[in-house]
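Asker: Here Swiss-Prot flags HIS177, HIS179, ASP190 as Zn(2+) binding site. According to Swiss-Prot, the domain 'MPN' annotation covers 106-228, on the basis of sequence analysis. Sequence annotations record features per position, and here Swiss-Prot assigns motif 'JAMM motif' to 177-190 based on sequence analysis.
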Amino acid sequence: MCGYQVRIHDMPSEDRPRERLLKHGPGFLSNAELLSVILRTGSKDENVVSMSSRILSEYNLKQLSQANISQLTKIRGIGPAKASQIAALFELARKLEIFTDDPKRKIRSANDVYSLLYPRHRELKKEHLTALYLDTKNNIIKEEVISIGSLNANIVHPREVFKSALMESSASVILTHNHPSGDPAPSREDIAVTEKLVEGGKILGISVLDHVIIGDGRYVSLKEEGYIS
């Protein structure tokens, strides 16, 4: 049993995180209070502030941001609903970073792609084909998951990749997907999909700069391997 058992509704209004946020703004709240606003409710043994404080004493924000749903639900007091709220929070934060004027969002090499996506891809149980849409200076203007599941040239259609490229006036595209096995070596289907999309890009005047396959702590660039000229 936790020592701090006062229910949120029994706390003075000026001490409740949501009311404090509304009155003073989010910058006035501690990390535990901000997390409690996201989680909304605690358990029968802990109010949400106490629960949030405990979680952040056991896991830092970086660890929480990198945890998948399965890992989050192993935390005491966190079920599927709360795990989904936490995962959605950090995914929004990651998407926001794409639109900031951050030099890390300029793609200069395949290693930049790997550094950006590996923290999210390393725990995925299925292949996720992701497109990074770039402007003329190779800054990311949009990131989009195109398909989930094993790549197949008959399933992945160029229009799914280039629809957003045209809508965003993207100058070029970088493809990336993960190999849950941990081995980033390209399969014949990986190469076939890449060749199909490169040809589709040529027709539309949108360059496919690379296809980066992410494995366990390593990656393969199909550009560097000579599959994309």
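Placed from the backbone N, Cα and C atoms, the Cβ positions cover glycine too.
Could you give the neighbours, burial and distances for every feature on this list?
Answerer: Here HIS177 (Zn(2+) binding site) comes close to GLU127, HIS128, LEU129, THR130, LEU151, ASP190, HIS211, ILE213, ILE214: these same-chain residues lie at least six apart in sequence, with C-beta atoms under 8 angstroms from its C-beta.
Away from its own ends, the motif 'JAMM motif' (177-190) comes close to residues 117, 121-122, 124-130, 150-153, 211, 213-220, 222, 225, 227 of its chain (Cβ-Cβ under 8 Å, at least six residues beyond either end).
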Asker: Which residues in the same chain, at least 6 apart in sequence, have a Cβ under 8 Å from the Cβ of HIS179 (Zn(2+) binding site)?
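Answerer: Set apart from HIS179 (Zn(2+) binding site) by at least 6 residues yet with Cβ under 8 Å, we have GLU127, ALA185, ILE213, ILE214, GLY215.
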Asker: Can you tell me how the residues of the domain 'MPN' (106-228) break down into helix, strand and coil by DSSP?
Answerer: 39 helix, 36 strand, 48 coil
Asker: Using the CB centroid of HIS177, HIS179, ASP190 as the Zn(2+) site centre, which other residues of the same chain sit with their CB within 8 A?
Answerer: GLU127, LEU129, LEU151, ASN178, PRO184, PRO186, SER187, ILE213, ILE214
